[in-house]
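Residues or ranges marked as substrate binding site by Swiss-Prot: 100, 150, 154, 272, 304, 356. Annotation source Swiss-Prot lists active site, proton acceptor at 152, 271, citing similarity to another entry. Residues or ranges marked as Mg(2+) binding site in Swiss-Prot: 178, 180, 181. Annotation source Swiss-Prot lists N6-carboxylysine at 178, citing sequence analysis. The feature site 'Transition state stabilizer' is assigned by Swiss-Prot to 311, with similarity to another entry given as support.
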């Protein structure tokens with residue numbers, strides 16, 4: 001399984017693993033073990049190996065390089081033949097590549113840093129239900145980032161008071177408000193009541209401002225059937241967008257919801273709840289850029305992507321690297337930004353990155369510079385924490401955004 005002379009094919013799925021072998025285990029042996037366990041291998045030779053062509057189907061560790069400044073840590077590059085994976089299934093992709101190998105005895109730690117998804121495979125996925133340009137056309141909003149707000153307190157409000165907070169924020173000038181990721185259907189606020197009061201707030205704020213407004217109605221539920229029932233009700237109410245927690249809900253549920261949203265004209269906002277369990281450790285788990293690529297294939301029009309300047313962790317260059325992987329068609333390899341492979345998405349629509357977490361109006365100049373126009377800037381406490389209330393907080397955000405955009409556009413002539 002360690003084949004340094006292997007020439008990768010355009011159709012191979014390529015993976016970059018950061019691996020820390022156990023003391024005494026050679027890097028080549030560890031790399032071969034990763035390639036074997038994540039493809040056709042097992043712990044011993046079996047007689048049924050002779051009934052198939054392992055050369056055709058096995059993963060190959062084709063390169064290993066030491067990590068600068070780290071003792072006994074290596075980047076192992078593995079190539080997988082396309083036929084190992086079911087078309088259009090992120091679930092199967094991850095089950096194969098990361099499903100079992102992370103508990104391997106020969107390794108102290110293992111982290112999947114990046115994947116190269118070839119067009120031959122990415123074209124089998126639904127991708128974002130609509131994409132950036134279609135969303136702008138639906139909302140009739142151009143030339144600036146979109147503004148959002150997560151309603152706080154995240155838990156405990158009644159449906160009517162929740163709807164009131166939504167109305168005040170949208171009336172003040174925001175484009176979107178949002179259910180928190182853990183707002184589903186709890187005893188203090190059942191989902192149907194919340195949807196009804198939020199719909200009333202949407203229509204009232206639209207009538208008063210003349211702008212199209214949205215609220216991310218969280219359709220995440222305990223079963224796929226219940227999730228789709230909530231999405232259907234949101235569409236019947238005339239809501240433009242629903243939301244899903246894609247890691248806790250699962251990729252199968254997420255792709256099912258993405259198909260429904262595309263077929264029924266709903267935008268799909270994605271929250272990454274639970275991501276830090278997977279991506280926080282620097283030497284074990286999976287980098288968020290891999291989860292971001294998986295989401296773009298599984299389906300979503302927005303996804304939370306860190307802020308660089310807020311309360312949550314995020315390095316500027318690395319964050320901008322996976323923001324480009326979400327938005328752009330073609331992204332060149334750039335190790336300084338953590339991009340291990342050139343990625344060609346061909347015609348797959350882009351995903352709007354959402355900056356959210358501990359940001360407020362004083363961050364607006366930095367946010368508009370870092371994320372550009374094709375983004376959603378989402379302020380929770382940065383809106384609702386305004387000393388004069390929710391609506392003035394929304395006004396402050398909108399004024400700050402428009403001032404920054406005007407300063408950028410007109411520069412010294414302002």
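Cβ atoms are placed via backbone N, Cα and C, with glycine included.
Projection of Swiss-Prot feature records onto the structure.
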| residue | record | CB count, 10 Å |
| --- | --- | --- |
| 100 | substrate binding site | 12 |
| 150 | substrate binding site | 24 |
| 152 | active site, proton acceptor | 16 |
| 154 | substrate binding site | 13 |
| 178 | Mg(2+) binding site | 28 |
| 180 | Mg(2+) binding site | 18 |
| 181 | Mg(2+) binding site | 21 |
| 271 | active site, proton acceptor | 28 |
| 272 | substrate binding site | 24 |
| 356 | substrate binding site | 26 |
Original post:
What is the interatomic distance between the Cα atoms of residue 180 (Mg(2+) binding site) and residue 152 (active site, proton acceptor), given in whole Å?
Top reply: 8
**OP:** For the recorded Mg(2+) site, enumerate neighbouring residues of the same chain (Cβ within 8 Å of the Cβ centroid of 178, 180, 181, site residues themselves excluded), in sequence order.
**Re:** 150, 151, 154, 179, 182, 183, 216, 218, 243, 271
Subject >> Cβ neighbours of residue 304 (substrate binding site) where a neighbour is any other Cβ within 10 Å >> reply: 22
Original post:
Cα of residue 181 (Mg(2+) binding site) to Cα of residue 271 (active site, proton acceptor): how many Å, rounded?
Top reply: 7
Original post:
At the level of the C-alpha atoms, what whole-angstrom distance separates residue 150 (substrate binding site) and residue 178 (Mg(2+) binding site)?
Top reply: 5
Original post:
Reduced to three states, what secondary structure does DSSP give residue 272 (substrate binding site)?
Top reply: coil
Subject >> Local backbone state of residue 304 (substrate binding site), from DSSP in three classes >> reply: strand
Original post:
Using C-alpha atoms, which one of the recorded positions 152, 178, 271 comes nearest to residue 304 (substrate binding site)?
Top reply: 271
Original post:
Secondary structure at residue 181 (Mg(2+) binding site) (DSSP, helix/strand/coil)?
Top reply: coil
**OP:** Give me the largest Cα to Cα distance among 100, 150, 154, 272, 304, 356, the residues the record lists as binding substrate, in Å as a whole number.
**Re:** 36
